[in-house]
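A.B. asks: Could you have a look at this structure, given as structure tokens, before my questions?
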Amino acid sequence: MIGSAASNLLDPAVLFFVLGAGIGLLRSNLEIPSALARFLTLYLLIALGLKGGAALSTGGLPAEGILAIGAAMGMATFVPAYAFYLLSRRIDPFDSAAIAATYGSVSAVTFITAQQFLTARDVDFGGYMTVAMVLMETPAIIMAVFLATMVRSRQAVAKAASAPEYDEAFEPLSTREVLREALTDGAQLVLIGSLVIGYLAGTEGKEELLPFTSGIFKGMLAFFLLEMGLLVGRQISEGRAKLDKALFAFSFLSPPVNAAIALVLAYMIGLQVGDAVLLAILASSASYIVVPAVVRYAIPEARPGVYFTMALGLTFPFNILIGIPLYFAAAEYVWP
Amino acid sequence: MREIENKKLLTIIAPGELQRMVVEQLKKRGIGGYTVVAASGAGTSGLRSGMLVSDSSVILYVIMSEERLREVLVDMDQFMSRGYRVKAFYQDISILPRKEAKPKSGEAVTD
């Protein structure tokens, strides 16, 4: 475990993340143009989708893949449910619903970094895990919107007398509108589209795109992690005062707990070790791009300074630095 | 020269994710013209670095009449009542209109 963690920390991409975080914490004047940062996000999603699609076209969708996707969907429903149940007893219910959605969903960059970690150790995994990642995005959002609507209804009944009267031109948000927002998210569409293109292009297309999807991939990931480290460092130095101890504990404890549940589930359904580690990563990571963007729209009562800081400032670095080697070591220990 | 008109310039600062919602609400009030500028900064919601889609702000500029401004401000107030983190402020401006005012009957059109 210690050897695995140490070798992970010496990975250039992870070292760039640490460098970025250090620069951010020092409040240095380093700036990465936002257009470049967004380009890198799109590049990583396209490369991830193409590779996943190509793997699916050669390997197909075996029974193991269907089981893995089912397990992923199960985790995407279970995690927000228990997170909301636990958190709403201590903190604002809208914040609880937003955190539940964030942690029920996934971080694509953590997933990509974990794939790199496994590839460097010659551990195989299925292309269907990318499909699982795509599918895990939505259930948590739907559940969080449902929970927030429930909380809103309760509060509306309590405050009925003092509720503001809405202007006729101002219609309340419908669940359909929220779902449209979630399902038409640009990053999500690019990822799904790339997955389909990768599948249709098959092995020939994969060979043609190798310099794009593999040759420069590690360097681009390192650059992106430098940017993410910078963002994390600045988020921590700006936002740490807003989180209480319970939220700090949740940010660091829920990832290994979720990963442990996912590993048990993976073992029970007979997944191979690479798929099991990726399932653990999906279950333990928190979304800081797609879900916060949708939650800001669908649950405006929740404080972004809480759920965004937790997902990006605490859980993301935990998984990148400690989580990935920890879950891998646990899987290696259990799997024959 | 065209005649200078007195108008209101409404400035709305909003998270990038809410841009579509704000614009759709403006359209309901009959406003189709606006200018958007990407922005970054910090506030009670934390840091908005502009590096991620979920971490960006926008500034919308809209020029309109006073009557329409009041309707839009009511909408912004409703947004804020629901918890949306938007800021709105306006100022009086004098504008050289793109379209010339139609000449009154009997009035000569000059270059």
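Cβ atoms are placed via backbone N, Cα and C, with glycine included.
TrEMBL does not curate its annotations; it predicts them automatically.
Copying in the features that TrEMBL gives for the protein in this structure:
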- A:12-30: transmembrane segment (TRANSMEM)
- A:42-60: transmembrane segment (TRANSMEM)
- A:66-87: transmembrane segment (TRANSMEM)
- A:99-119: transmembrane segment (TRANSMEM)
- A:125-149: transmembrane segment (TRANSMEM)
- A:182-202: transmembrane segment (TRANSMEM)
- A:214-234: transmembrane segment (TRANSMEM)
- A:246-270: transmembrane segment (TRANSMEM)
- A:276-299: transmembrane segment (TRANSMEM)
- A:306-330: transmembrane segment (TRANSMEM)
A.B. asks: For the transmembrane segment (A:182-202), find every same-chain residue at least 6 residues outside the stretch whose CB is under 8 Å from a CB in it, and list them.
C.D. replies: 41-42, 45-58, 108, 130-131, 134, 137-138, 141-142, 208-209, 289-290, 293-294, 298
A.B. asks: Please tell me whether the transmembrane segment (A:306-330) and the transmembrane segment (A:214-234) touch - that is, whether there are at least 3 C-beta pairs under 8 Å between them, with each pair 6 or more apart in sequence.
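C.D. replies: Touching, yes - the transmembrane segment (A:306-330) and the transmembrane segment (A:214-234) meet the threshold of 3 or more Cβ pairs under 8 Å.
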A.B. asks: If you count Cβ pairs under 8 Å, which stretch among A:12-30, A:99-119, A:125-149, A:214-234, A:246-270 touches the transmembrane segment (A:276-299) the most?
C.D. replies: A:99-119
A.B. asks: With pairs 6 or more apart in sequence, are the transmembrane segment (A:214-234) and the transmembrane segment (A:12-30) linked by at least 3 Cβ pairs under 8 Å?
C.D. replies: yes
A.B. asks: Where, among A:12-30, A:42-60, A:99-119, A:125-149, A:246-270, do we find the most CB pairs under 8 A to the transmembrane segment (A:66-87)?
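C.D. replies: Going through each listed stretch, the top one turns out to be A:125-149.
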